[in-house]
Amino acid sequence: MAINRWLFSTNHKDIGTLYLIFGAWAGMVGTALSLLIRAELGQPGSLLGDDQIYNVIVTAHAFVMIFFMVMPVMIGGFGNWLVPLMIGAPDMAFPRMNNMSFWLLPPSFLLLLASAGVEAGAGTGWTVYPPLAGNMAHAGRSVDLTIFSLHLAGISSILASINFITTIINMKPPAVSQYQTPLFVWSILVTTVLLLLSLPVLAAGITMLLTDRNLNTTFFDPAGGGDPILYQHLFWFFGHPEVYILILPGFGMISHVVAYYSGKKEPFGYMGMVWAMMAIGLLGFIVWAHHMFTVGMDVDTRAYFTSATMIIAIPTGVKVFSWLATLHGGSIKWETPLLWALGFIFLFTVGGLTGIVLANSSLDIVLHDTYYVVAHFHYVQTMGAVFAIMAGFIHWFPLMSGFTLHSTWTKIQFVLMFIGVNLTFFPQHFLGLAGMPRRYSDYPDAYALWNTVSSIGSLISLVAVIMLLFIIWEAFSSKREVLSIELPNTNVEWLHGCPPPYHTYEEPAFVQVQRSF
């Protein structure tokens, strides 16, 4: 019965599929919200109403894209599908908890949408800073609903993280060491450790905000001896690792895609890649205050956070050059996933360079809360995380469905999307350097040109997203079956055929390890 299969599933492949479908649906909502933002900003003057409704849309766009699109797709979707197949496990360590992790997300999403639907909505930005998020500036239940939504999404992620960590450490064949697992498995391991360490801090911060709003505590209210800066420290101690949580699984997927389409049996510098991911994970926890350069920190504190932030560029550079070295000398197959991966490498590097600019506290004081930061963030996320999702989706779609996507149309869709996102976000660097602040629904006429260009870019991206839906429909409609897979011995997820049987590795895999070191 369909209800038993999908509602009560304990199968990692089915739960992965549920995550992918949920993430795609949330992605449509998040895209719609982003188009409302760009429609409002396409011309000077007001379109949708006041700043409150505009900021509700901005806040919802951020939460939907982060918690209900990127994380469910990368960690829940690709993680569930691929990790057990890549390590030879019959399923996840805790299959029923896996099911609960997924089913906590739709109620969480519902609470977030409800927060926008009651009173005036939560127009706080995704950071939910008090006193704007307090009960004076945001009377009513909107912010409370947002907090409960975040609680549920957080519990979901923590449970999934426990599940992945246990699975990856305990469910490998005995002969396989951790340093022989694929890089995607490593990326999920590092990501889930980051989630496990950072989410409880967010939970503490938003719970304190909840009691400040409803129970008259004063954690963040100077009138009772509290400090709103404490909230910023708690939030960003989660918020900075979060952006690495969003990109690390993408790093893992890009490593697989680049190696596969370069015709290599493994990525260049495997150990360097692993240690780089662990270094990024560690450093991600000790740089949070670079989001707070404008709150009046000591000069030595600012110096520390500036240098610590710049250090993250080193392991990131190790990864970028290892991807390029993997491509070097390969028999390159110019298929769509590789195009997405190459776009990722180039544009993520551009985003990383603007990150180096923002790491300088003196420069950041000028650029903070301008569109320069928006441009930086969207270069590393839209053109990092989303490009990685696209590369991984097109690469593994035949594995998950048994059908192949139309290669020419996916290439056209890549070109459209590439033009769209660059046209959307590149001009925002100019707006930021010219001093246009974020989170305002209107602007002086001087900023009109680049805002118009940016909004046109967003419409091109929309066409590309709609085209992707058509391409997926076309694949299921035409039913072109997979013919052959190259190098299934080094890409073990393909070993069982496309799609793999409902249950794989029912007997423990026999692994004979050849040690080359």
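The chain as shown is numbered from 1 upward.
From the backbone N, Cα and C atoms, a Cβ is placed for every residue, glycine too.
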* In Swiss-Prot, His290, His291 are given as binding Cu cation, so which of His233, His240, His376 is in that site too? -> His240
* Given that Swiss-Prot lists Glu40, Gly45 as binding Na(+), which residue among Ser401, Ser407, Ser441 does it place in the same site? -> Ser441
* Measure from the Cα of Ser441 (Na(+) binding site) to the Cα of every one of the binding-site residues His61, His240, Tyr244, His378, then give the nearest. => His61
* Asked: Ranking 141-170, 183-212, 228-261, 299-327, 447-478 by Cβ pairs under 8 Å to the transmembrane segment (270-286), which is first?
  -> 299-327
* Asked: On the 0 to 100 scale, where does the mean pLDDT of the topological domain 'Mitochondrial matrix' (401-406) fall?
  -> 97
* **Same-chain residues near the transmembrane segment (299-327), Cβ under 8 Å, at least 6 residues beyond its ends** => 251, 254-255, 258-259, 262, 264, 267-269, 272-273, 275-277, 279-280, 283-284, 286-287, 289-290, 293, 341, 345, 348-349, 352, 355-356, 359-361
* Among 12-40, 51-86, 95-117, 228-261, 447-478, point out the range having the most Cβ pairs under 8 angstroms from the transmembrane segment (371-400). => 228-261
* Structure fact -> Among the binding-site residues listed as His240, Tyr244, His290, His378, the Cα nearest the Cα of Gly45 (Na(+) binding site) belongs to His378
* Structure fact -> For His376 (heme a3 binding site), the nonlocal same-chain Cβ neighbours (under 8 Å, six or more residues apart) come out as Gly351, Thr354, Gly355, Val357, Leu358
